[in-house]
Amino acid sequence: MLKKQPLSPTDVRDSKVYRDWGLTDAEYQLLTDKVLQRLPNETETGLFSGMWSEHCSYKNSKPVLKKFWTQGEQVLEGPGEGAGIIDIGDGQAVVFKAESHNHPSAVEPYEGAATGVGGIIRDIFSMGARPIALLDSLRFGEPTDAHTKYLISQVVAGIGGYGNCIGIPTIGGDTVFDASYQKNPLVNAMCVGILDQADIQKGQATGIGNAVIYVGAKTGRDGINGASFASAEFNDANETQRSAVQVGDPFMEKLLMEACLEVIHEHRDVLIGIQDMGAAGLVSSSAEMASKAGSGLSLNLDLVPQRETGMTPFELMLSESQERMLLCVKAGAEAEIYQVFEKYGLDAVTIGKVTAGHQYQLFHHGKLVADVPVDALATKAPVYEREKKRPTRLNHQSHHQFMPRLVDATGTLKKMLQQPTIASKASLYGTYDSQVQTNTVVKPGSDAGVIRIRHTDKALAVTTDVNGRYLYLNPRVGGEIAVAEAARNIVASGGQPLGITDCLNYGNPEKPEQFYDLDESAMGIARACQLFNTPVISGNVSLNNESNGEAIYPTPMIGMVGLIKHQKDITTSDFKHAGDAVYVLGTTEADFNGSELQKMLTGTISGELFDFDLVTENRNQRLLLTAIQKGLVASAHDVSEGGLITTIAESCFPQNIGVELASDLPAANFFAETQSRFVISVTPAQQAAFESLMEPYVTYLGRTTATDRLHVQTADQAFDIKVSFAKQLWEGALPCLLK
């Protein structure tokens, strides 16, 4: 609990309270000896604790992030602003970004998840874009204990509660259950927006004397030190830190969004910059806006709208109260901006101005309470080159491939369809409004969500993907696969992958083996992005995802957006008609290490990860996209967790269509998780043209049927089950587990 009476500079030094706020002894010493050359007061120490946190400064991850490929002729705005922007032609652009809210969701799951959604929405409309879609990538422990069930229910309710109320459809995402996330769930939210390129905004504060205007909700004591909390290792003691979790109001956010977009579209001649007050609150938005412009800033904290009495400068600057934005407006145009926000019933107050020089000055009750170099806050945090050591777990890996023996292929399929990660998530995403705004073409449950772009023939395909198990067994190859699977989902939906955003969820970077996971997987992601021409344009780093010293699997969530140039090319994963030919594109090997089958049969994952070839992956994706654009494909579904047989079953379920298939593969290989594969259905009329284009890379399996039967004859056994019964198992598993 913070003292009401401010600590003196010597009190701060002697009590070492800065440690509680996230600064190390070395960082405090750097601040006093080099940056300020004096002892900082309580407020100044607080400012640096927030801005030098990993969440704001990327001090542990910046050397890693430099490895990412961020180029491409389609990139209009890369990393560095509130969100990235990619050209989609016709003077339009897509804006997207993902953010993590892991630690807050662990201690206060409803508000943690809800405010994660709210924050990422603000990042999108701060760029001038109207948000059109949300996605969520969730990781929980096994859904068997009461606390995990509580987390799941509250996180899902928080996401739906915020997104539904503000009127933005949730059209995709992914949910995985694994003991690795038992104490440290991951809640990653992604938002996508559309804008005309003429409306692009930036977070900057330029022009000496121009006004700095605070808009939106009043400031309270919620979320103070939230950036530092999000940057710290999680343990049981942290579960009491609910005051570090923000409280959201989606109805306020809706008003704020509409008001800000009105200012951007109708008052652009006086608007200089706009930025969300996110992590580290007012200090982050104001210092970053000034630093990017090479300006100084002077703020009067007495003018900050407050919902609680007696707030200190420390609290006012570091509060992470939600639904707040900061604008820089031409001097003399303040009243013009006030009128817009008054119309929506929102506070709009000039709290400061842009100044000459490079100082960041705060005044409170007529006194100067902070006077520091603005760049020291925003861009001069120490950057650490962490030690990297190959993890012991990789040195002790078995070189042998896990080879399952299936006594009962159909029985194994029944069990597979009921695994929490494989089973239908409709009971979760069914609570989200996926069709508000009436632009959703493909709802959650297919490979990617698809949303049309109004007044055009275009659509966007969006997805989130990563398999942490693969990265646990091989961080670099697992990073490549994460990007590849996201691209597969876009291509299977008829889209051309454009770019990615990421949430890099890892353990403690000060542990050499944990830093190895981060660094190696980043190299894999970078290589795949360059090959697929999908630059990283935005993202977020969430480190110290450890509970009592136990780290999660390395989990770099990849959010990808693709462009479908013609809506006729939109493709879904479900079989459409009886009598269609069914193919698998790509070869199937005995790849079981890290697979869902290995976990299901042995309770763990182990061994060296199977081989993966990005060139083969890229070729297969290009072949499929060409076939789709030529009108040769009725359905396409990427093969991922659970293998080929699970993919086939999932394609049967939506239309209750059966299949009669045959293969010379052994039954076990139908559960292998070899990459670079798709299950494709083709009408008889297109079969010859399809085979002419795709041979020798496709294998004919058989045909869809009008029967209620999934029958696959393999080299040694047959899968034989009613589609309706298999679907019942698949749909009922998760609701049963979560009771």
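Keep in mind that glycine also has a Cβ here, set from the backbone N, Cα and C atoms.
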* TYR58, LYS97, ASP502 bind ATP in Swiss-Prot, but which of GLY141, GLY449, GLY539, GLY549 does that record place at the same site? -> GLY539
* To do: Quick one: which of ARG122, ARG268 does Swiss-Prot put in the substrate site with SER100, HIS101, ASN102, HIS103, GLN246, GLU320, SER321, GLN322, SER542?
  => ARG122
* Name the one residue among HIS55, GLN322, ASN540 whose Cα is closest in three-dimensional space to that of LYS97 (ATP binding site); these are the recorded positions. => ASN540
* Near GLY539 (ATP binding site), meaning Cα within 10 Å, which of HIS55, GLU99, SER100, ASP123, ASP276, GLU320 (recorded positions)? -> GLU99, SER100
* To do: Quick one: pull the CA-CA distance for ASN102 (substrate binding site) versus TYR58 (ATP binding site), whole Å only.
  => 16
* Asked: Among TYR58, LYS97, ASP502, GLY539, which the record lists as binding ATP, how far apart in Å are the two most distant Cα atoms?
  -> 17
* Other than its own, how many Cβ atoms are within 10 Å of the Cβ belonging to SER100 (substrate binding site)? -> 28
* Asked: Using a 10 Å radius around each Cβ and counting other Cβ atoms from all shown chains, which of the recorded positions HIS101, ARG122 yields the largest count?
  -> HIS101
* Structure fact -> By Cα geometry, the one of the recorded positions (HIS55, TYR58, ASP123, ASP276, ASN540) nearest SER100 (substrate binding site) is ASN540
* **Nearest of the recorded positions (GLU99, HIS101, ARG122, ASP123, ASP276) to ASP502 (ATP binding site), judged by Cα-Cα distance** => GLU99
